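Enquirer: I have a structure I would like to understand better, so I am pasting it below and will then ask my questions one at a time.
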């Protein structure tokens, strides 16, 4: 037997407090070891045996803070420090239910009821049924730091904690019935008997309270310092806690025993462990279980104190602290929860299969799923009828049974006989025969399209709304979704020029939420907006306006062969909470997305977001003096005849709280966005009973088309102007609260337009069948006359005698596989009728103004779709007498949804103005003023103006329309040209010696306001000083490291090769730049670790040197900064004209999402490359030419950048000595010998 000291007093051990255990042959080391392996450490035969421990749910992250046996069923409940609750069935610890009760709070206590389980956290009380469904969650201002709870009756519960309130809670009404003040010490332990409620605080005091009134009856002082736990059984109250010893706080080895009859302290009980928790065994009234924080358990008998036997056990807590324990009502099992996340259970020796309760009810489990017969997937003879349907409980047939009228036999439609065959047919009895006119091909059956759809023959197949045999719709190639094919070199082998023959740069659609590419192109080609966003700059980290400016700068400089990515914009977009609330952020698992509603909501969101961001960045400037409120789409939707539920509760009172006034002051100011897209309106609410009138001004950024709901005549025609007018201004009756009447009263609400915008943004709606049916009817009315004319022209043509075999290209007769002879095809013409003319319901131009009565008047061109050019239509303005603020609007851009039967995508058709062509191509003044293009991600093609207003509503549906004020073109042209001139002056030439003064220098700002952070890891970093700012032509060596956000997705082809479906999504983690010349050559001046809020799948530590936690602002010791600020530094270096030296810089700049001209890049991977041979790694180049070994364990971007600079200097030396060719040859020969691996020695 060894006697070792088990106390926590490090200064000295009391001689009369010893711990005894049988150590066997192991020598005593003088202190308790938590990793002790023995279970029974007592002197007698064990009364309990240890069962197999289990790792609780979330145990790898959180400890088990509470365990409780169910009083009604054979279940053990567990709550952890992460707010998660799990139940286990019987001693086999089979998981039964698992659910989250709070996102972050610790589960402090668990109690079971007949109807479920109660889980108490720091600030809430959750009630859930045992199957995991929540019943209620109660929160109160009085619940600040709850610790324990106790059920006094089936419908009464008391809760307390480290606060001065004790809460009496009614489980039936879910209300607090009484609040008792318990003092500053709070109440951490609650117990009860038949007379009192015992409440123990952390100062060592136990208060005896009345069970009904909760008033204080008696007070007992247990320990001198802190009360740890106590238990009540019969007339005894036994406690454990902390006492002062030698001016230190130590665990008291004596259990204080109080007789509740006399309220006096009797003889204490000495234990051999450090008691932390204790509890009476329910079935044995005199036996007590005492538990230490190390997992030691001692069973103490309060009656037979003179008995020499010691019953002690050691629970395997994996070297961690024991946090909770509980005893079953049958005393056959005990459960312990520790900090390592494990649950240990011990069972009585007499009952190795313990029962938690003597009389437990059965636990409800899920119904067993019936097993279906196993059938081979290749068995084509298996009858499906052998799988029996469930028995019908009611009725005689299933709801899925088809009605009898749909079960008739329908045969294939017979092929119609050519009238020419019938006219030449001769009869011989019942049989007729005729010579073959050869006007039709073999094995063809005509398919007659049902009437009611908008479909007409078209020369280039644009109007073909039919479907192929496999169900895929036949649509033009330029509208189809183009899949980007990846190889082992990424997108370097992909020919983008095949899909883009223009001078414009496209956008890749490989990242999530790339559905907005169509809208991004429209915003870019809106000249006034592009100019404002290129000038915008603010200090907000995730500013969408700044990111749009960066993206527009890339689109200005990129070409068709180098499409851009909106990765940085989408990264900031995912962080905006409003975008997530509107459902605009999609994941890879998103399916069946309504793209029409999605892109319209995105249009409304981005306009309002830019408005708020530009206002925040310029709030110190002059503000708009009027009281203007930027309205949302819900306000514009109020112009519809169908008012939402919110309209019933509109109030005509303008009294608002101070918080609303502060919020309105933010959106009332006029910004550059509201000047471009804003339509000023006034909303007049007039109470019908008291004639009280309230007027509210607002600005509408996006207009929703409001279609009629109830039409008396189905053939009634509504033109576009009528629909637009009723959408902008309306009058209706609603139920609203009147302040004068003090009740809801009928109210007339009218909306009027007071000012027109420069750019009119229109959401077309069409997200339901009702609106689509209405628009189809209007489109059919427009095409009726054209269809009649086409039929007349076709009837006058005579069929060719040679039919399909005719080889003459100038034949004037009709052929079954050719157009009519009067048709003249044009390369990009989109014709909806044989004579090359189309009429559309959507006009290319219209005139809108405000008359003397303040009403909006919209006049559309009667020949808007008559085939005239857009320039001719704009010059022929209709008479607009009597109109104020009269403006001519021309269609600027359209967003369409394209559905080919297998997938849907969004495309945009944009009228690119002449100033942009001049900027890109430097065209002469004699060139056309504008040209229409279709933008389908990186596929861009020119189209005719008619195609922008041509829709089938089958596979091509309009989503958003943008109309521009025609008279603003001159202003836009001058603004754009001046912007181009400024941008050209901003980029210095190679001969310039100084940096431009009109560029914002972030390096100077860093000198004035140095970045805060831990610079211990950046001892070699020396920021740029004011006298060493980079100039045009200066060398800067750069390297970047990346982490993976989404892994790569591959598939195995039938030939066994692996194909990349989706590339991995990389994010920049570290950017390092070093000086390339001067006295400080090779010294880094920029070494930024990029903070990220997104989940990182793989840190790629072996290749990047980035470790978990380096990018987290809460734990990182690195020089963390936001991506936007590092991006601004790189952008400044690019604009100044520095030359970057690096290894694989093209991929680095692609992930960083910045465009760098090729003449500003020196890439060592290409310098030391022999044509038609492999690329050489930086590590091998450094070893071969410089004799240094790098990247031995992990990569370091500063080391890599410095190495590339040295390699470039060595390259210049070899070129000067004319030894480079031989050196390159030796490099590849040596690499092949060593298999391109650096030797270890």
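Heads up, the Cβ atoms here are built off N, Cα and C, so glycines get one too.
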Enquirer: Please state which member of 954, 1098, 1196, 1200 Swiss-Prot lists alongside 1039, 1041, 1148 for binding divalent metal cation.
Expert: 1200
Enquirer: Do you know which of 761-790, 911-940, 971-1000 Swiss-Prot annotates as region 'Disordered'?
Expert: 971-1000
Enquirer: Given the ranges 544-584, 585-625, 626-666, which one is assigned the annotation region 'Disordered' in Swiss-Prot?
Expert: 626-666
Enquirer: Scan 729-750, 795-816, 817-838 against Swiss-Prot and say which stretch is down as region 'Disordered'.
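Expert: Based on what Swiss-Prot states, region 'Disordered' spans 817-838.
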Enquirer: In the same chain, which residues outside the set 1039, 1041, 1148, 1200 have their CB within 8 A of the centroid of the CB atoms that define the divalent metal cation site?
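Expert: What remains near the Cβ centre is 1038, 1040, 1070, 1071, 1072, 1142, 1143, 1144, 1195, 1197, 1201.
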Enquirer: When DSSP states are folded down to helix, strand and coil, where does residue 1041 (divalent metal cation binding site) land?
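Expert: Strand, per DSSP.
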Enquirer: Starting from the Cβ of residue 1041 (divalent metal cation binding site), draw a 10 Å sphere and report how many other Cβ atoms land inside it.
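Expert: There are 24 such Cβ atoms around residue 1041 (divalent metal cation binding site).
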Enquirer: At a 10 Å cut-off from the C-beta of residue 1039 (divalent metal cation binding site), count the other C-beta atoms across all protein chains.
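Expert: I count 27 other Cβ atoms within 10 Å of it.
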Enquirer: Sequence gap of 6 or more, C-beta under 8 Å: which same-chain residues meet both conditions with respect to residue 1148 (divalent metal cation binding site)?
Expert: 1038, 1039, 1040, 1142
Enquirer: Please list residues from the chain of residue 1200 (divalent metal cation binding site) whose Cβ is under 8 angstroms from its Cβ, counting only those at least six apart in sequence.
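Expert: Within the chain, residue 1200 (divalent metal cation binding site) has Cβ neighbours under 8 Å at 1039, 1143, 1178, 1190, 1191.
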Enquirer: Need the DSSP three-state call for residue 1200 (divalent metal cation binding site) to compare against my parser.
Expert: helix
